[in-house]
Amino acid sequence: MAAPVAPRQFYTVGPSYPSEGTLLRAAARRTSIDLLHAAELRRQQVRRALQVAPGAPPDKAASRRAHLFSKQELQDEFSTDLSLGLSQQQRSTRLSRDGKNALTPPKQLPEWLKFLKAMVGGFSLLLLLGGLLSLIAYLVPFIPGNSTKPDPNNLYIAIVLVVVVILTGIFQYMQEAKSSKILAGFKDLIPTQATIRVQGALVVVNAQTLVAGDLCELAVGQKVPADIRLIDAHGLKVDNSSLTGESEPQPRTVKSTSDSYLETKNIAFFGTSVLEGRATGVVVATGDRTVIGEIAHLASQTGALQTSLGREINRFVKIVAVFAFSMGILFAILGLALRVGSWLDSLIFGLGIIVANVPEGLYATTTVCLTLTARRMAGRNVLVKNLQAVETLGSVSVICTDKTGTLTQNRMTLSHLWFDSQLTKVDADYTKSTFRTEPSLVSPSHEEDDEETTERSPERARNATFQRLLQSMNFCSRAIFDSTDPSLPDDLRAILSRVAPPPPIEAPASPRPGILRRMSISLGFRPRLQRSRSLPALPVLPEVVASPPILGFPSRPATPPLPLKANLAEMPTLSSGAPPPPLLAAPEHTEASTATQTTQTVQKPPVSSARQPVPKKWSLLDAKVIGDASETAIFRFASSMNNVLLERESNPRLAEVPFNSATKTHLVIHKFPEGNVLFFKGAPERVLEHCSSMMMEGGEYPLDERSRIQVMRTSDELASLGERVLAFAFRPLDPTAYPEDYEFVTDPHPNFPTDGYVLLGLASLQDPPRETVPEAVLECQKAGLRVIMVTGDHPTTAKAIARQCHIISFETEDEIVANHSTNPQSPRGEGTHPSLREIFGDAATVGPLPSRPPTSQTSGETHGVEAGHSPPGRPLARARVVTGDELHAMSAGELEIIIGKYEQLVFARVSPVDKLTIVEACQKNGAIVGVTGDGVNDSPALKKADIGISMGISGSDVSREAADIVLLDDNFASIVHGIEEGRLVFDNLQKSIAYVLASNIPEIVPFILFFLVGVPAPLTVILVLLIDLGTDIFPAISFGYEPAERGLMDRPPRNPKRDRLVTWRLIFFAYAQIGVLETVAAFITYFLIMGLAGIPMSSLFFNMSGVGIPLPLLRTAQSSFFFTVVLTQIGNILLCKTRRFSLFRHPLFKNKHMFLAILVELLIALFLVYVPWMHVIIATNWLAWPAAAVGGGFIFILIFYDEIRKLFIRSWPHTALARVFTW
């Protein structure tokens, strides 16, 4: 029955075991978890000679050798049964002994300690110390023998300072607790359930109750609940990206492929996801004993850096504390030495100096401003865990970012199709495609659009090559819709109930009766009772192809395909835009032309009434699909063209050789009414090895050398765009040699043809950048930030995505070397073929493309070029792609030079632990580094960075715990929003500080004049506090709502060593300019009131006790002095809205909160001086008219002065004087 076919061994490849030298080099190399490698090798050396008694608790050493055990050794080591599993009693005993299967959470501070911590840092300690001194001053008079009366103002001061600290601490604690609560919603690392065998019975248990020795079942869509040694696996593929950074699905087998526990393929690691297949295995490590557990422990050992704002605030607190206490102590000592009053008077006077110098409201202002910014950032999908991290993000000068999921959509899509010597770009939204052959699974958005599509593309609908290509794409994809998707339409759900996901086929070694029937049942297909459509007749391929005619087509000259450039000069696009140029139209079928017809066209099949469009509410792009990324993309595209589920149901699968990473091919055989058809998919170079012809315009032509070169050139050009290229082929099988009941065998020797296939075309896939990323990267570069891509992908892919995202815009070093070594006179060199950019223009990619895609990324040293230098006649390289191997060969100093020399950098084929090395090198270059990460082993780099940024959707719990900021939408563009908010909050904090500090001068000078020249105190300590904590605090907080000045994102990043939060220029502006003007205004008011009352200025000096001055008059003068300071602060807040640009060219009234705060400020001041019972409590009195007149006039004087200052620094920005007056 079976036709003898010469077997070709490209389906099964035995395991390749690395040599000992390779293992040692791999262990020494910094891999994604190299710290664990070294520890593991040490454990193996120590433990290999030890005998572990059967039944003893499996420790780390035993579990790390589990991949080397035979099944019997595994059973003995873990005292389990490989067919029945553990008993319930054994499980209970081991659970009590080993603990739950859960990662030990990082040590958390108790809530009460967090609350106290929020109230004892920075300014709060300074305020508490001031409150303590005030309390002491109040209590001293109660000492026996002391005749001094206690001053209740001192008690009020102490109470007010403590209340401010408590309220601000509560505010900060509640905001950070809110962020912690949001993070708690991301707890999804450990799956909630696991399927195990208990004494032979399948039981679903809580994953946290798993113990070593449990026999666990794994299936598609599950997360691996522990470290599991596989004993039975069927096409299992897992996603190890959270652990190793590998973006491609990793196959798992039952055979040990490496001595290393971390590199072997018979271990499924805790926390990884099952993408395909099924397996059974023994739990060998749980909880903290798993690989992820050890990495999480390693992350907890990495200390977190203090934020830049935290460092700035601490610095400012030290400056203020030293200055305030030094002045207070100095004047107190002078008072005692000069015998100015009693020692208690000197103490109270020193306290007044301290209180006047400390901006008590700044602590509350800073906290509230940061909280307001954090809330705005949360509205832009940036969750702030630590309030001070808000400003740090704005100070970032380098961002080390992942590629997959952060820059890209983390969703593979079909990008290009090549067939009939034409390359077509596929629109990312498949539902808009005009290239449709028949009613698909997706209804167009508008019915009129569908009619227009049908009318304008009939030639495409009848293209035979494309129909065959679609069939091959459909049948060579194992992806399928997830039946648990609640949005799945009922008609598709009904089909899914009949068409199950095809499991991997393990073909028997030799044909057995009835295997075809059993194969069909195992695949989940059932024969249809009624066919919904008639398929076109399939031409039969003879066993031996000698010469045309082939595939039943009439003979025609073996014309080679059209030249690449001629066919691709105008690339059609599969989109809903302008109609693309039609493909070669199918010839008309007439009796007269039949004899001379050169091609055979497959007509569009009739549509069955059973094939109804699905409801429009369902979206194909958002539908849940089971399968790996590449096959899912192919499945979505095929589904947008045909109803692939009905096609699969009509034509059941008979045999399959799953995709193998060694052969890079995938083969399936499907049953059609006209006969069986073989479909073939794989890497282009591998598929071409098995093809002898290619389909062109529905006809078959020999695949000569020129055609092969054309195919590979197209494949290389698509690969240079960072796309994964797959080739598709097929071969109808002769019904006489392979009848309906033929039993196909795939292993060890296939009994069907292994060559003579017909090449259909190419399809390229890519994980496209997010739509907002290119613009966001340009915004970063405009703001002076460097964006460095750090990825585990291939250098070519990384570079292509980097170009599309604008991370690389210059020629890289290897491109310069290649181009100029070929022909120094030509930027591309002679003899090179045209690039896709030349053919397609800007449609191919965003950035410039290399003319010849490099096969590997090499360093400058390899070409004899020192990093950052070029020989004469060669342009200086400004961009470079550094591979993991190059990185491992560099010293720390060399890496720092590389980072400093090149403007644009991409690190490819590197591990997440390498990211830690890159971060450290950037920091040594003086950069403030932000790092993005989502994997468990990204956590050390996240904690080491100045600002760690984790992914909220795809990130692991460990990475989110280590980060300072969480992107709720995993979008890089959200980082740019965060940077803008961070810069804005730093600017606004500086404005708020300048506003608050300015009032310190009119608060301090009265005490100095009182002490030096004996002027009766124009201001009391309690009024100083009322300015700082009453009238000034609300306007200071309103700066949190102030919009950005022009050019905020055009400035370079803040230099942490030069651009401090509080600089000497800011202090000069606040103290020596605005503060002096406010002091002058307040003293004019004070002396004017005294003069109007008949007290000359001369009688006020050296009159410390106020002899001859009525007490009501003194209180009126003090209240007016206070009110004048309040009014001049209104002018101060308005001029602080801008630092360089004119106030009148800034949106003056956009910040409505500021004007509300000014109103509140005035009401508080009026309340304090006009409410009678406040006269008793704080010793105020009604105002005199000079307070309003002088204070109101100085509002305009202050604004006028600052407008002159701003005009001067804009007109002569580079002068030394302008630098002095710029803050």
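Quick reminder: no glycine exception, Cβ is built from N, Cα and C everywhere.
On the 0 to 100 pLDDT scale, the domain 'Cation-transporting P-type ATPase N-terminal' (65-139) averages 82 in this prediction. Residues annotated as domain 'Cation-transporting P-type ATPase N-terminal' in TrEMBL: 65-139.
Taken from TrEMBL, the feature transmembrane segment applies to 123-143 (among others).
Under the heading transmembrane segment, TrEMBL lists 155-174 (among others).
Residues or ranges marked as transmembrane segment by TrEMBL: 319-341 (among others). Under 8 Å from some Cβ of the transmembrane segment (319-341) lie the Cβ atoms of residues 126, 347, 349-354, 357-359, 1004, 1007-1008, 1011, 1062, 1104, all in the same chain and six or more residues away from its ends.
Per TrEMBL, the feature region 'Disordered' maps to 437-461 (among others).
The annotation region 'Disordered' is assigned in TrEMBL to 574-613 (among others).
Residues or ranges marked as compositional bias 'Low complexity' in TrEMBL: 592-601.
According to TrEMBL, the region 'Disordered' annotation covers 844-875 (among others).
Look at TrEMBL and you will find 1062-1095 (among others) tagged as transmembrane segment.
Under the heading transmembrane segment, TrEMBL lists 1115-1135 (among others). Residues 995, 998-999, 1002-1003, 1006, 1017-1020, 1023, 1026-1027, 1031-1032, 1035, 1038, 1074, 1077-1078, 1081-1083, 1085-1086, 1089-1090, 1143, 1154, 1157-1158, 1161-1162, 1165, 1168-1169, 1175, 1179-1184, 1186-1188, 1190-1192, 1194-1199, 1202-1203 of the same chain lie 6 or more positions beyond the ends of the transmembrane segment (1115-1135) yet place their CB under 8 Å from a CB of it.
Summarising the annotation, TrEMBL assigns transmembrane segment to 1155-1176 (among others). Outside the transmembrane segment (1155-1176) by six or more residues, the chain places 1026, 1030-1032, 1034-1035, 1037-1038, 1115, 1119, 1122-1123, 1126, 1129-1130, 1133, 1149, 1182-1183 with a CB less than 8 A from a CB of the stretch.
If you look up TrEMBL, you'll see 1182-1201 (among others) marked as transmembrane segment.
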Secondary structure split (DSSP) over the domain 'Cation-transporting P-type ATPase N-terminal' (65-139) reads 45 helix, 1 strand, 29 coil
Would you mind listing the long-range same-chain contacts of the transmembrane segment (1182-1201), meaning Cβ under 8 Å and 6+ residues beyond its ends? 1073-1074, 1077-1078, 1080-1081, 1084-1085, 1088-1089, 1092, 1116-1117, 1119-1121, 1123-1128, 1130-1132, 1134-1135, 1143, 1169-1170
Distant-in-sequence neighbours of the transmembrane segment (155-174), which means Cβ under 8 A and at least six residues beyond its ends: 114-115, 118-119, 124, 127-128, 130-132, 134-135, 138, 355, 360-361, 363-364, 367-368, 371, 387, 1021-1022, 1025, 1029, 1177-1178
